[in-house]
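Visitor: Take a look at this one; I'll ask things after.
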């Protein structure tokens with residue numbers, strides 16, 4: 001048996017060095033030896049019980065290594081090489097009764113990747129029967145459409161030894177609440193999920209996992225400031241956390257807080273440069289400086305983890321900004337195939353509108369509304385499609401108003417409705433709407449929009465006041481900066497659309513003799 005164990009140990013060493021092909025070869029050789037050696041010789045394992053622990057992916061004692069464990073090690077090699085079909089074929093060779101908790105989790109993931117959802121559900125259920133505290137299995141079952149009642153029914157109902165039934169009930173109540181929270185999120189009921197996680201946070205104050213879930217929900221529903229605060233709280237508790245840090249990077253990018261974003265990217269690359277989150281964050285950092293470099297980082301994040309949704313969304317956004325909406329459609333579709341996400345629907349609608357595919361855009365927006373019937377953002381998305389066509393503006397207005405009734409503080413819907421008022425010549429309505437929101441919310445985008453409306457109606461001093469207010473709130477607001485530059489030219493009596501002297505000189509240089517250009 002010694003050659004068998006030596007082969008497994010060498011495979012473990014190679015796996016630890018990330019030489020997965022060589023590791024795979026050693027495990028297969030060891031497995032062949034295991035099959036050749038007569039079963040009687042397995043008695044000799046007991047003599048090896050005092051040996052050191054293995055550094056294998058499964059971290060087992062040498063004495064405990066058997067044929068099924070070697071098959072699992074082979075599966076992990078295939079997973080590391082992204083050869084999921086081969087991994088699934090290998091792990092399916094392990095009898096279901098012989099599978100450990102980790103094996104069941106792995107085969108569940110592989111079934112999900114290959115879209116065998118029923119088989120995946122069965123494996124995740126086995127995980128929870130084995131141990132009800134496998135939160136990863138709870139989340140997966142919720143995402144696969146299993147109801148909270150069905151998940152809770154998998155938990156053992158008998159109290160632990162030495163505990164009263166009341167203590168057992170109190171101990172499992174939080175777990176039931178966690179199941180409810182994940183099922184709410186899976187069904188796009190973000191408000192319900194947020195309520196459940198907020199209750200759990202009272203039970204477990206400063207719990208990093210719960211704070212991250214809350215921050216992610218807040219980011220999705222547009223509570224940007226609260227989400228940023230919770231992400232920062234997580235980093236103060238655990239500065240080495242990587243989970244959802246690309247979501248935090250996205251918020252910093254939206255707020256144009258480049259100094260914090262730069263620091264975050266530096267930290268993430270130092271913590272673990274092999275995680276997709278680090279490269280999504282890097283992509284967001286470079287988005288405004290060098291779009292092609294940003295795209296390369298987004299694609300690298302997908303190579304690391306092709307099931308990382310924000311990687312696909314970021315890639316789609318970059319293709320849109322590079323005026324490649326047809327390729328953006330593919331990226332957003334890839335994100336939606338992994339899980340319905342409002343940001344994927346928003347990107348896909350924008351891509352179709354850029355391609356003048358109004359029917360496809362409307363179908364996509366309606367699909368988002370069906371999946372998220374209580375979402376103000378989904379209603380606004382349908383309104384955006386109607387607003388793109390002059391004949392659909394009445395419908396657009398109704399959808400924007402419905403969105404604001406559902407969520408009165410939704411600024412994007414208010415801005416879209418104000419823009420619609422301006423397009424249809426109802427400037428006073430646009431001003432009244434924006435001023436109403438500015439009273440309740442000091443947001444730079446509201447001030448910028450109101451300044452643009454005033455500038456368009458030649459109310460230059462009012463426009464100046466609001467551009468300055470926008471820049472006081474957010475000095476990095478590019479729309480406010482450009483608007484202020486145009487306004488200052490208008491106030492000086494200069495045509496804001498006339499080219500600057502520098503631009504004229506650039507044109508002259510471009511038209512100069514090629515030889516002069518070579519000399520320059």
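Heads up, the Cβ atoms here are built off N, Cα and C, so glycines get one too.
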Visitor: Looking at 441-480, 481-520, which one does TrEMBL call region 'Disordered'?
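Guide: Going through 441-480, 481-520 one by one, TrEMBL gives region 'Disordered' for 481-520.
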Visitor: Using DSSP, what is the helix/strand/coil residue split across the repeat 'TPR' (309-342)?
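Guide: With helix first, then strand, then coil, the repeat 'TPR' (309-342) has 28 helix, 0 strand, 6 coil.
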Visitor: Using Cβ atoms and a strict cutoff of less than 8 Å, what residues sit near the repeat 'TPR' (309-342) while being 6 or more residues removed from its termini?
Guide: 143, 188, 220, 246-247, 250, 276, 279-280, 283-284, 287, 291-292, 294-295, 298-299, 301-302, 348, 350-352, 354-355, 368, 371-372, 375, 377-378, 381
Visitor: Please compute the mean pLDDT of the model over the repeat 'TPR' (444-477).
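Guide: The predicted confidence over the repeat 'TPR' (444-477), as a mean pLDDT, is 87.
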Visitor: As a quick check of your reading of DSSP, tell me how many residues in the repeat 'TPR' (444-477) are helical, how many are strand and how many are coil.
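Guide: Each residue of the repeat 'TPR' (444-477) counted once, the result is 27 helix, 0 strand, 7 coil.
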